[in-house]
Every structure is written in C-alpha cells, then in structure tokens.
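Colleague: I have a structure I would like to understand better, so I am pasting it below and will then ask my questions one at a time.
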Amino acid sequence: MIIKPRIRGFICTTTHPVGCEANVLEQINITKAKGKIANGPKKVLVVGSSSGYGLSSRITAAFGSDAATLGVFFEKPSSETKPGTAGWYNSAAFDKFAKAEGLYSKSINCDAFSHEAKQKAIELIKEDLGQVDMVVYSLASPVRKLPDSGELIRSSLKPIGEPYKATAVDTNKDIIIEASVEPATEQEINDTVTVMGGEDWELWMQALAEAGVLADGCKTVAYSYIGTELTWPIYWHGALGKAKMDLDRAAHALDDKLSATGGSANVAVLKSVVTQASSAIPVMPLYIAMVFKKMRAEGLHEGCIEQINRMFSERLYKADGSAAEVDESNRLRLDDWELREEIQQHCRDMWPQVTSENLAELTDYREYKEEFLKLFGFGIEGIDYEQDVNPNVEFDVVSI
C-alpha cells in the first residue's frame, strides 16, 4: 500500500515501515559514532522498549555495549487495511539490525502490566540469558489493567487544586490558544499514581528477584521528567507529578534491596523531547518548540538517543568505574542542560510574546511538527513516499 500521514488529535493514525526503520538506523549510527561504552551492561531487559526513551535504551545497550536485549511492549502488527503501529515497526527494525550484528534480540508483545508478561520474560531470561544485569523501566500508558482484578484504571493529565490556564499551541490548526484544564479529582490523582507510579516497576523487580534472574550488581532505572515552573502546574505539581513522585518512592525501596548485592535503582530525570507521550500533555508542544530553539542555538540540543547515550556513558557506566552523580533524591539528572538558567529565562521571556503569527519565527515549531511526523516514519529524507510498501513486517516476537 501507499501510506500517507493521517493526524487525529495528537496521534498520527498511520505509520510508514520504511521510515520507522530509517529512524532506528539513525539512532544506531549515532550510538556507534560515540564509541563503545566502557563497563556497559551485557544482558538487558527493557520494559517499554518500542518507542521514545525505551527504544533508545535498547539501542544504546545493544549497539553501544554489545548487550543481549529482551524488549517488552504492547504494539499492533498490520492488518489487511491498515499499517501496524510505529512501535511494531521500530521493534522489527531493531531486531533486524541487532541480529545482523550477531546480537541476541527477542521481544514480547503483550500488556506489560500483566503477570503473564513478567512470567514470559522470566522464562526467556532463564532459557537464553541466565540473568540480566540491567532492567530499564520505560512504560508510558494512559491505562493500566490491574493484574489481579482485571479492572481498568485510567491516568489523567490534569492540574491539582485549581484549573490550569496557559498559552498553548493547537497542533492541528497550528495556532496559539489559551488552554484550560480542570483540576483532577482525588480519585483521578490516585488512579494516575496507580497507572504511572512505581508499583508496576516494583512488581517487575520483585518477580525477577524471586525467580533468581537478577545478576549481582544489577542496575535498574525508570524515567521521569520534572521541568520548571513553566510546566509544573500540569506536570510536576499535577496528577502526573504525584505518579512520578511515587516512582521516586519505588526507586528508594528498590535501591535498598539491590544495594545488598552491589546493584542500584535510580530514577533518571530526562529532558523534554518530542514523543507520542509528550505530545499529549497540554503546553508541552509549545514549551518544547521554544526550548529546542534555544538549546540548538547554544549547541546543547539532544534527542532521546543522545540523552540515553549520555546516561549510560557519563552516569551509570563511567569509564573510570566511579559512582554516578545523583541529586539529593538519588536521581540521575540528564535534564541539567535544559534547566540552565539562560535556557529557562529565554523561555520565560518568550512565553508572553508568542502569537500565531510569530510562532514559526520565535520557536522551532516547524521542527517540532517534523519530528512528530518522524516518530511515525514520515518526512524522512531519501524515502519515496509514493512507493508501494508492504505493511506486513514479521520479526522474532512472542505475542501473548
């Protein structure tokens, strides 16, 4: 079929398999260009490995450290009438390139919140790897099916206490709007913590530990974002922030357990990037377009893959073997460049000035849109989008 982008809300409902493969290859090449990671991990489980920071973690482990990787994700293959999800094609491309270099790669396509996902991962680790020395937890899901009761719990992207009003961009119409979001109820806050908090990370680590598949010295990391006062009302001080604070709680509990065998658990606070997850958060697209322009001008711009490479080589797996620098809450901070005062001051100055007319001039909004489409395999140089492509891509994946 000939596949063109179709946007609905903050999701592109079509994907291009050749474009997704090109994205993965680009990340692999960036990783290889940085050279091998000294003392890097060798057997890595990535929970949430099909896009964004999770995909970049799998790529960095494999192509920066020659690691065997097991990826867990929830994606859809193509049907007769529509292409598969971007994460399906990303994972297929990763599998193809990893195997071409003789690297172990297996994937599990299922609900990562389920008991079955954990049991299947343990089974494959025991059969193929013995143990893992790194576990990356990178799930971003709006819904969690509780594994025992089967109840569906939904997260909310809402402020707490009072309505949130702010300048934002309507990414469908490309105009500046005043966004208004009603505050979360107590139930919505609790539900967001249930979906996006640290409980499932703990359940994964507990299951892996009880099965004896965590190597001594195993490191685990989960991803978070804190941001600044520009995004705090909707993010860190909102329902999502409460969930991310619960991730901090889980990290401390896990670190206490893992440190007994020389391991560690950390939350890594990462910079804002264009992902399917961030595009759903009110105000984030405008903030990202603004902060990217300034960071590019200062030579500080990083995408997912650059961030994760820096986390591996300059935090968790330093060449000299020294311990990672952490903040007062034992977090790895990779948002350090974004939070520089001159970067944030620029955004504070720009915010009241931006209009629909000067949006493209004052910010990198055009680039934001291009990067958003790239997530789904579109707008990539060198690809002929008039070509007929086969949307049916198979790879080494266990679907349960």
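Cβ coordinates come from backbone N, Cα and C, glycine included.
Swiss-Prot feature annotations, pasted as is:
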- Tyr235: active site, proton donor (ACT_SITE)
- 48-53, 74-75, 111-112, 139-140, Lys244, 273-275: NAD(+) binding site (BINDING)
- Tyr225: substrate binding site (BINDING)
- Glu75: site 'Plays an important role in discriminating NADH against NADPH' (SITE)
Colleague: Whole-number Å distance between the CA of Ser50 (NAD(+) binding site) and the CA of the residue listed as 'substrate binding site'?
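Modeller: Roughly 19 Å, rounded to the nearest whole number.
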Colleague: If I take the alpha carbons of Lys244 (NAD(+) binding site) and Tyr225 (substrate binding site), what is the distance between them in whole Å?
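Modeller: The separation of the Cα atoms works out to 8 Å.
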Colleague: Do me a favour and check the Cα-Cα span between Gly48 (NAD(+) binding site) and Glu75 (site 'Plays an important role in discriminating NADH against NADPH'); whole Å is fine.
Modeller: 10
Colleague: Here are the recorded positions: Glu75, Asp111. Which has the lowest count of other Cβ atoms within 10 Å?
Modeller: Asp111
Colleague: For the residue listed as 'active site, proton donor' and Asp111 (NAD(+) binding site), determine the Cα separation and express it in whole Å.
Modeller: 25
Colleague: Distance between Tyr225 (substrate binding site) and Val274 (NAD(+) binding site) at the Cα atoms, whole Å?
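Modeller: The Cα atom of Tyr225 (substrate binding site) is 13 Å away from the Cα atom of Val274 (NAD(+) binding site).
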Colleague: If you count, for each of the recorded positions Phe74, Tyr225, Tyr235, the other Cβ atoms lying within 10 Å of its Cβ, which residue has the minimum?
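Modeller: Phe74, out of the recorded positions Phe74, Tyr225, Tyr235, has the fewest neighbouring Cβ atoms within 10 Å.
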Colleague: Test of understanding: give the count of other CB atoms lying within 10 angstroms of the CB of Ser50 (NAD(+) binding site).
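Modeller: Summing over all protein chains shown, Ser50 (NAD(+) binding site) has 25 other Cβ atoms within 10 Å.
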Colleague: Can you tell me how far the Cα of Val274 (NAD(+) binding site) sits from the Cα of Glu75 (site 'Plays an important role in discriminating NADH against NADPH'), in Å?
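Modeller: Per the Cα atoms, Val274 (NAD(+) binding site) and Glu75 (site 'Plays an important role in discriminating NADH against NADPH') stand 19 Å apart.
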Colleague: Need the DSSP three-state call for Tyr235 (active site, proton donor) to compare against my parser.
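Modeller: Reduced to three states, the DSSP call for Tyr235 (active site, proton donor) is coil.
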